[in-house]
Amino acid sequence: KVGGSVKNGSEKNVWPQNPNRKKDALKTAKAAAKKKCEICLKVNDSHSVTLCPPQSLVDVRRTKSEVYEGFSYVFCAESSQREVYERMVNPLVYDFLKGKSGMLAAMGPSGSGKTHTVFGSAREPGMLSLALRQIFSVKESNGAKYSWTFYLSMFEIYSERGKGEKIMDLSQDGGDLYMQQSNIKGLQEAVIHDAQQAESFIASGIQKRSTAMTNSNIQSRSHELEFEIVFEFKVTTIE
């Protein structure tokens, strides 16, 4: 079931969670509690940040602060999901609906906020939910002029030590995939009619991914894994 609820003031993620994530989060929280909290990244302006090494490294290695510039936009810690969406994702969705290709990638170490940014929570929907709402609201407003057909697919690329990379179709009946001349062969596409159906499809894929990771020897997998959601559409004019 896709949805979220708020009980006793706490938030629940609207997407299925990896059963191993809670254990990892608990370990991370315990480890962090033993360490002194120190802010190492400071926002200079909307396009640059300063990385300040912990004082322990400064004392031992004489490491200096470094300024990194050239970012499209730097958000402060208090920025909302909506702010990030309007500035970074809304233009991609706008171009997508005009027939252009686009990509949204979330990168960073564990605990950096990738999952929250993409999927969000019941109170603060993530980039994916907001994009789906925008796409299908445009479809509804232009339904009398055009016939829209949306296709959604989802797959994971992962590596196991000594076995190389593998690709798995995360749709309900999907299986192992293979590459042929830079193209993924065998990937199934589902026809999507509204945002709720799209979220259900993605939630099912996330659940399949979590189940596969739990059933396999998770320790044998490296951290070099990613999963991708591909969204396409065709539009025809209604005469």
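Even glycines carry a Cβ here, placed using N, Cα and C.
What TrEMBL lists as region 'Disordered' is 1-26.
The domain 'Kinesin motor' annotation in TrEMBL covers 25-239. Per-residue pLDDT, averaged over the domain 'Kinesin motor' (25-239), rounds to 82.
Counting only residues at least six positions away in the same chain, the Cβ atoms of K114 sit under 8 Å from the Cβ of G108 (ATP binding site). TrEMBL lists G108, P109, S110, G111, S112, G113, K114, T115 with the feature ATP binding site.
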